[in-house]
Amino acid sequence: MSGMEKLQNASWIYQQKLEDPFQKHLNSTEEYLAFLCGPRRSHFFLPVSVVYVPIFVVGVIGNVLVCLVILQHQAMKTPTNYYLFSLAVSDLLVLLLGMPLEVYEMWRNYPFLFGPVGCYFKTALFETVCFASILSITTVSVERYVAILHPFRAKLQSTRRRALRILGIVWGFSVLFSLPNTSIHGIKFHYFPNGSLVPGSATCTVIKPMWIYNFIIQVTSFLFYLLPMTVISVLYYLMALRLKKDKSLEADEGNANIQRPCRKSVNKMLFVLVLVFAICWAPFHIDRLFFSFVEEWSESLAAVFNLVHVVSGVFFYLSSAVNPIIYNLLSRRFQAAFQNVISSFHKQWHSQHDPQLPPAQRNIFLTECHFVELTEDIGPQFPCQSSMHNSHLPAALSSEQMSRTNYQSFHFNKT
């Protein structure tokens, strides 16, 4: 992706290896620019843009809903959900700032119009959100590991304040580790053989020796993908063994632990989240490592790189849009909270466009069922209490309490 210091028109790599005498056949500045930088507009602009539009819409709406659900509903403010909130913020930054910039650069690859500051910001943004995403995924996996294998320690240590401190460290480290790659980028200008500046040739690219860039990419791919994915895989394997052991003990003793189905549900959701994350980010890191390891480019290698480059971009942005869908499909609590937020917006819209509607018709009926843990929402049913609310989940429940809330929205005289 262009947002990931990659060039949208990788075909120029092979073109640059042509003999210098070819340059004398170039009859215009535009032809000379195309020779140096590749086509001004990517050949993939139209099909990729068509794919990006639904990803953008679904991703922005979904991640905004995730943020609203966690911010507005006290019952959703759990340590685990705070890490998911961090992931949603990271995804929103990618979709709102990164995707439009990449689409623009595919439409007009040069000149880069935002100057050195814009170049630094673009590089730092993508590096930071990449690192913050994988660190958030790793942190929530460690939290679940502690909750499953050391539940008493988790009850004492897993607090919202601690989660916020950890997230501060995560984002601080992400910004810090983005600096090396950012520092080697800048605006590059091209010149005619006589030394005069080629108009409109400014590009945001690597301006330091390529071996530095290659080294940074290889180190960060190991530290922020291969190593975390290995650690996460080991953690989920150990969690699976523990849950299997607990199930066997319960079968032997004839006791059913009501928390086990809930933990299994949450672990299933987080496991799917990690699996999708790993699959979607694999092409991105393959793309980066491909570019960093190849020293002698050929036409066939450039063609393969172009294909990998486009696929990696689609999967990268897809990972930012799919998380809210996973929450909605695998977590009844998130599903109910999403419906509650949407109903709240629907109620406000009705209030503005139909002010004569009686207030009683704009209430949301909430059925509260107290259960095991705020993020663990599948298990036996408990007696329920019904009450009338406007739009918020009950605020009296603490993160250590275990509750379950189902929501049903009613409009009594539907128009």
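Here the Cβ of each residue, glycine as well, is placed from N, Cα and C on the backbone.
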Based on Swiss-Prot, are Ala75 and Ser196 on matching sides of the membrane?
no
Disulphide partner cysteine [Swiss-Prot] for Cys119, chosen from Cys204, Cys262, Cys280:
Cys204
Fewest other CB within 10 angstroms, which one of the disulfide-bonded residues Cys119, Cys204?
Cys119
Where among 124-146, 166-186, 215-235, 266-286, 302-322 do we find the most Cβ pairs under 8 Å to the transmembrane segment (83-103)?
124-146
Touch test for the transmembrane segment (302-322) and the transmembrane segment (50-70), at least 3 Cβ pairs under 8 Å:
yes
The transmembrane segment (124-146) versus listed stretches 50-70, 215-235, 266-286: most Cβ pairs under 8 Å:
215-235
Look up Cys204 (disulfide bond) in the DSSP assignment and report helix, strand or coil.
strand
